[in-house]
Amino acid sequence: LFDGIYPFYVQQRKVSVFDVSTIIVIVVFLTFACSFLLITPGIRGRARLYWTLRVLLSLLVGVVIVAVQFTGDWETGWVTANTSYKSFSHALVNVDIGLHVGLAGLNVTLIGNPVNQVNETIKYNEHFSWSFGEDYDHSYSEGLERGLPSPILYVAEKFTTQNPCSMNRQYRISGHYASATLWVAFCTWVISNMLFSMPVLVYGGYMVLVTGAFMIFSLLSFSTVRNSLMCPIQFGTTTLHIGYGGSFWLTLAIGLLCFVAGITVVTLHYFNLDLLKTFFDLREDKAEEYQDITEVYINPHFVNKEL
């Protein structure tokens, strides 16, 4: 405290990759998975394995579609540099500078090598949001008022609306369209699960293909930022380069998995329907399906002689 007053403005921190929203989504889907695993002992035969495989794969697709909406590692980059620490100061520090871009904003991380330098603990992680209802320029102005370190302000300034590179506009539009297509993919995922619970498996396969297509569309939407002019982020002679992060590649993997699953269901529907019904536990008992009445027991005392 400085004369009983905090020297910096209080700001809610946001983890660069997994924040509270992401953890809540993961916990909810894990609860569904654990609840299902508790009832699997009541499923007899090979149907237990088929049910477990179907439910876990479906939950994996659903949790990825929702969780990547809140993660902050669609694009990431790190650089180690010797740079000035504060404005109007000639002190140089050796730091690791990280940039993590998500669909709703970006995080700038600053970690000293070592952490304690110039009589301070250099360990920052600042979030700047451009989602709906958020003003990125206002967040940047608050960072100026709080006196954030110069490397963080320098990186954040590259994404302001007044910057001639127009990176804010490109990333914001691409992120919004990517988020919207992912929510559509979530809706089609829900519909596919509803169709798989009914004897219309081929249409469920088609909806899985649609889910994968919308996930790929979200990746194409986000990747359009590469077509815009990327202003270099330089610290002396070193440059901060960013590339696709874990959330981008995870979304791509799950999208391809949806394509494989959808194509498999549609192919089995036309070439081996019995195997498909067996996997989805929709096959009727052969004894009930094909058995004919071969013997009839009749009380002879009540038989009409004419019959």
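Positions of Cβ are set from backbone N, Cα and C atoms, glycine also.
Going by TrEMBL, these are the annotated features:
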type	residues	note
TRANSMEM	20-39	transmembrane segment
TRANSMEM	51-71	transmembrane segment
TRANSMEM	91-111	transmembrane segment
TRANSMEM	177-196	transmembrane segment
TRANSMEM	202-225	transmembrane segment
TRANSMEM	246-271	transmembrane segment
Taking contact to mean 3 or more CB pairs closer than 8 A (sequence separation of 6 or more), are the transmembrane segment (246-271) and the transmembrane segment (51-71) in contact? yes
With the transmembrane segment (20-39) as the reference, which stretch in 51-71, 91-111, 177-196, 202-225 has the largest tally of C-beta pairs below 8 Å? 51-71
Sequence-remote partners of the transmembrane segment (177-196) [C-beta within less than 8 Å, at least six residues beyond its ends]: 54, 58, 61-62, 65-66, 68-69, 103-104, 203-204, 207-208, 210-212, 214-215, 217-219, 221-222, 251, 280
